[in-house]
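Features as listed in TrEMBL:
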TRANSMEM  12-37  transmembrane segment
TRANSMEM  70-96  transmembrane segment
DOMAIN    71-278  domain 'ABC transmembrane type-1'
TRANSMEM  108-132  transmembrane segment
TRANSMEM  152-178  transmembrane segment
TRANSMEM  199-218  transmembrane segment
TRANSMEM  262-282  transmembrane segment
Amino acid sequence: MTQRGSGLSERALARVFVAPSLLLMALVALFPVLYAVGLSLFEYSRRRRESFAGLSNYTEALGDDRFWSALWFTLVFTVTSVAAEFVIGLGFALLMNQAFRGRGLTRAAILIPWVIPTVIAAQMWFFMFNVTPGFINSVFGLGDFSWLGQPGWATFAIVFADVWKTAPFVALLLLAGLQTIPSELTESALVDGAGRWQRLWYVTLPLLRPAILVALLFRTVDALRVYDLVAVMTGGAFDTESLSVLVQQYVVRTPDPGYGSALSTLTFILILGIGLVFVRLLGRDLAIGRGETR
């Protein structure tokens, strides 16, 4: 009874200390969202507010083929890039978790792409995939093949650049999870005759699940709002316009603050919904890990 009372008081004390930070974060995060929602409810002409529009900007967005095309590209980019980054990142994490000569140098080499600013990486891969100077075309003898000038291949180039840039980040998160797994468990499985793949599938991956969910959460949310790579490598042409690029088009270039804010709000709702799913799964895993059942 005393322990339970002590536990409740510790939770209450933790909430008191965390509350100011949460309140500040809520204010910083909610103000732009509420401001965008407010803008989306009005019609604008040359940045000047004309009249109250209600939900007409949202209905217009949901009926806009360009919005659905950008949504489709964003989802395809997210699924393919995050899946590839997880597989490659897991391989890197397993490698960096081994003890071998030169492990420090290997870790540094693997993590270098992650520390390069995204805009610089995008510009680098733009020149790599571009027809002129065409480094990739020169290496593989592809002549004047236009990677960034064809819808399917342009998407592939953007995904490839993102995987190269961000797989090391996934590897770092998974490596942190691997180092929390007791070595006794894998050693016991080895004694019981489990092979390498069996130890990975039945021992490592289940225990790594919380770290996997965190990595997927971070990367999925980040991929859904991709802008830099698309803006630099294709500018949104050839069916590579993402939701963020579309929003920037209407908010900055056109400009139409009302319609652009409606697009940004819809994008926010999408990202928030997917993020909450991952948070819910992660919270359930952590509760199971602590032995809490409901």
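Quick reminder: no glycine exception, Cβ is built from N, Cα and C everywhere.
Listed by sequence, the residues of this chain that lie at least six past the ends of the transmembrane segment (70-96) yet keep a Cβ under 8 A from its Cβ atoms are 103, 106-107, 110, 155, 158-159, 162-163, 166-175, 177-178, 200, 212, 215-216, 219-220, 223-224, 226, 239-243, 245-246, 270.
Sequence-distant contacts of the transmembrane segment (108-132) (same chain, at least 6 residues past either end, Cβ-Cβ under 8 Å): 92, 95-96, 144-149, 157, 160-161, 164-169, 171-172, 228-229, 231-233.
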